[in-house]
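Asks: This is the feature table in TrEMBL:
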ACT_SITE  Lys184  active site, proton acceptor
MOD_RES   Lys184  N6-(pyridoxal phosphate)lysine
Amino acid sequence: MKFINQMEPSFNEQEKNALNEYMEAGGWITEFKKTREFEQMICDYTSAKYCSVVSNGTVSLSIALMACGVGVGDEVIVPDYTMVATPNSAELIGAKAVFVDIDRSNLCMDFNKMKEAVTEKTKAVLLVSINGRYPSNIDQFVNYCKEKEVSLIEDAAQSLGSFCNGKHLGRFGCIGSFSFSAPKIITTGQGGALITDDKELFEKIKKIRDFGREGGGSDHYLTKGWNFKFTDIQAVIGIEQMKKLPERVARKKEMGKLYKKYLSDIDGIELIPTDLEQTAPWFFDILCERREALIAYLKEKNIGSREFYPALHAEPAYDYNGSYPVTEEIAQKGLWLPSSINLLDDDIRKICECIREFYQ
């Protein structure tokens, strides 16, 4: 059997032809009309009023924090279980990442732990919708942050195509941030996007990402900013990927249902509750006993997999004291299974058969 990668991007003739057409037409390559078209497609899909695409999903979070006035010495609350870009985005601008544990039922930030972590120095909460899931009490996060005058920013890097009660994730906080890196449901290689319904925040975002300029091509600078811009080359790819997003969302949900069907009765495997009516899983995840042995067994069968993120508070980069029992548990048990949109139903069946064989 050909090796099944845990993830891989998906492109075809549409992207190739669009790029050739753009280059033959003498496109300027840097951000221009295609970038604006890509941004509008994201607005249309998410129903956000404004969108600004940037160089990657990490700086998109840093830009969101800066637009909300977060700076040196401020505290930003983040979940202990997340991709390291989440806390790094705060540290990049001189703020301090404050870790809190997660809710085991959805692997998102624990609301009560978040409340306990708020201090006078807290300026923002980075709420991660991990794997497209959302906290069932997301409105409590919104209301509490408004009450405390703390900016709620959604790290929805993994959540394009996922909704909560009909509202796209990324639209509950003041700003939502997405990523277009290679594993995502759509990709431009690297890239990120910020959405908001707040025009004032949008204007700040546009300046921060473009050297602080007052407008395109201007050499007058109204604030400090950096070159975090996108390119039309990426946008051309992104436009073609966005055209495929609805069918990819549908396929991800189908794949999630197949994994659930084949794995739900295996002793040693725990499935994480996922609302597949509203969530398009980025990766298909399980909690499992004897994880390292399972990884090795799957590799022997030409099947790739990937361990969950570690508990970030204990990583050498942070070495943060505290109690994070849920994160520590799932970091030891969590495994991502093959999740490429290119997988066939038969591939998923074979993967699950191998897992069943391992636990027999």
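Placed from the backbone N, Cα and C atoms, the Cβ positions cover glycine too.
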Asks: Under 8 Å between C-beta atoms and at least six apart in sequence, can you list the same-chain neighbours of the residue listed as 'active site, proton acceptor', or say none if there are none?
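Replies: When sequence neighbours closer than 6 are ignored, the residue listed as 'active site, proton acceptor' has Ala157, Gln158, Leu160, Trp282 within Cβ distance under 8 Å.
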Asks: When DSSP is mapped onto helix/strand/coil, what comes out for the residue listed as 'active site, proton acceptor'?
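Replies: Its secondary structure by DSSP: coil.
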